[in-house]
Amino acid sequence: MFYWLIELTNTFPSLSVFRGVLNVFRYITFRTGGAVVTGALFVFLFGPWIIDHLRLRQGKGQPIRTDGPQSHIISKKGTPTMGGLMILSGLVVSTVLWANPLNPYVWIVLAVTLGFGFVGFYDDYLKVTKQSHSGFAGRARLLIEAAIALVACYALVRLGRDPSSTGLAIPFFKDLVIKFGWMYVIFGAFVIVGAGNAVNLTDGLDGLAIVPVMIASASFGLIAYLAGNAVFSDYLQIHYVAGTGELAVLCGAVLGAGLGFLWFNAPPASIFMGDTGSLALGGMLGSIAVAVKHEIVLAVIGGLFVLEAVSVIVQVASFKLTGKRIFRMAPIHHHFEQLGWTEPQIVIRFWIISVMLALVGLSTLKLR
């Protein structure tokens, strides 16, 4: 919306005196900064009201796993969930205000984010109303997520309009691209669905998921800005995708809304993100990675999410095949709890890992 302010000076000559000041709204970097501040302020201001409303409507709050760490039954009992509504509200408001409303990439990523958020919201709703961990049926949920992701990937491929839009770039190599053709739509959907569920599995401790999400968002905000700039992408020899620079504004909105949410999610949490937030944010990261052609880099920067997801897959596969469990409990953050690590130790150490992985992922932009 603010992007159009500069157009007012062209439409109304009497406003041309403000052209110098309003010209800053042309710059993605300025609008990204504005999106960060707006997203954070929105959640800061409306967060307490949303939390009170959710606590009143949910009563007992999110059901706590009885087979998990016993400390959670006491410390987390009665805490409301669906905190992702705070993040999504701040994200949408900030993006609408600061992003170019004519950019199709922004709307595609927003559609995936809200679509996954709706699936997560329904899952949270079922869990809260039934006071059970069996929410939305797993297969049905995955089918809906896959449908959303397939439509989004098809739209992204159509926007690309060149052979490289259906290829997979390999980090550290200048011209190595695996060509999928139209099968890339399926691969891209797998990336989006996988990212959504990986972040969902990570969200198990206060503050554990939101900070790595913010780190990944900041990293992909930079990648989107560079990939959407012809000069920078040519210098770094990365795939140029015209128009994706605007996704940096959306990433800024996520960063700001995430900061606001962390204020209330810091231990002891006043609210949980829930599937509403974790699925939405994971789907967002996956769709941005597909849009800017850095799918493998997402697996590096979001390596913590991959670790959490793999720990669950390995645990389930091992138990079904051998009857034995590899970890004391999965996802892996609960394994460390069982080993005696405190919740703050796990959360902060995982944050540190996320920062290190982000630096490694960003280094792939130059090391080719």
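The backbone N, Cα and C atoms fix where each Cβ goes, glycine too.
The transmembrane segment annotation in Swiss-Prot covers 34-54 (among others). Tertiary neighbourhood of the transmembrane segment (34-54): same-chain residues 2, 80-83, 85-87, 89-91, 93-95, 97-99, 249-250, 252-261, 263-264, 270-271, selected by CB-CB distance under 8 Å and a gap of 6+ residues from either end.
As annotated by Swiss-Prot, transmembrane segment applies to 79-99 (among others).
Look at Swiss-Prot and you will find 102-122 (among others) tagged as transmembrane segment, backed by sequence analysis. Beyond the transmembrane segment (102-122), the same-chain residues lying 6 or more positions past its ends with a Cβ under 8 Å from any Cβ of the stretch are 82, 84-85, 88, 91-92, 95, 135-136, 141, 144-145, 148-149, 152, 155-156, 159, 192, 196, 200, 243-244, 246-247, 249-250, 274-284, 286-288, 291.
Residues or ranges marked as transmembrane segment by Swiss-Prot on the basis of sequence analysis: 140-160 (among others).
Taken from Swiss-Prot, the feature transmembrane segment applies to 176-196 (among others).
Among the features that Swiss-Prot reports, transmembrane segment is placed at 207-227 (among others). Within its own chain, the transmembrane segment (207-227) is flanked in space by residues 28-29, 32, 87, 199, 233, 236, 238-241, 244-248, 250-252, 254-255, 258-259, 261-262, 265-267, 269, 273, 277-278, 281-282, 284-285, 288-289, 291-294, 297-298, 301-302, 304-305, 333, 346-347, 350-351, 354-355, 358, 361-362, 365, which lie at least six positions past its ends and keep a Cβ under 8 Å from the stretch.
Sequence annotations record features per position, and here Swiss-Prot assigns transmembrane segment to 247-267 (among others).
Per Swiss-Prot, transmembrane segment is recorded for 271-291 (among others), and the stated evidence type is sequence analysis. Sequence-distant contacts of the transmembrane segment (271-291), counting only residues of its own chain at least 6 positions beyond either end whose CB sits under 8 Å from a CB of the stretch, comprise 50-51, 54, 62, 76, 79-88, 105, 108-109, 112-117, 119-121, 123-124, 135, 145, 148-149, 152-153, 156, 188, 191-200, 202-203, 209-210, 213, 216-217, 220, 224, 241, 244, 247, 250-251, 254, 261, 264-265, 297-298, 302, 305.
Sequence annotations record features per position, and here Swiss-Prot assigns transmembrane segment to 296-316 (among others) based on sequence analysis. Residues 168-171, 191, 194-195, 197-199, 201-202, 212, 215-216, 219-220, 223, 282, 285-286, 289, 325-327, 330-333, 335, 350, 353-354, 357-358, 360-362, 364 of the same chain lie 6 or more positions beyond the ends of the transmembrane segment (296-316) yet place their CB under 8 Å from a CB of it.
Sequence annotations record features per position, and here Swiss-Prot assigns transmembrane segment to 345-365 (among others) based on sequence analysis. Using a Cβ-Cβ cut-off under 8 Å and counting only residues 6 or more beyond its ends in the same chain, the transmembrane segment (345-365) has close neighbours at 171-172, 205-208, 211-212, 215-216, 218-219, 222-223, 226, 236, 238, 267, 297-298, 300-304, 333, 336-337.
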May I ask which of the stretches 79-99, 140-160, 176-196 has the most CB pairs under 8 A with the transmembrane segment (247-267)? 79-99
Sequence-distant contacts of the transmembrane segment (176-196), meaning Cβ under 8 Å and at least 6 residues beyond its ends, amount to 112, 116, 142, 145-146, 148-150, 152-154, 156-157, 163-170, 278-280, 282-283, 285-287, 289-290, 295, 298, 302, 305, 309
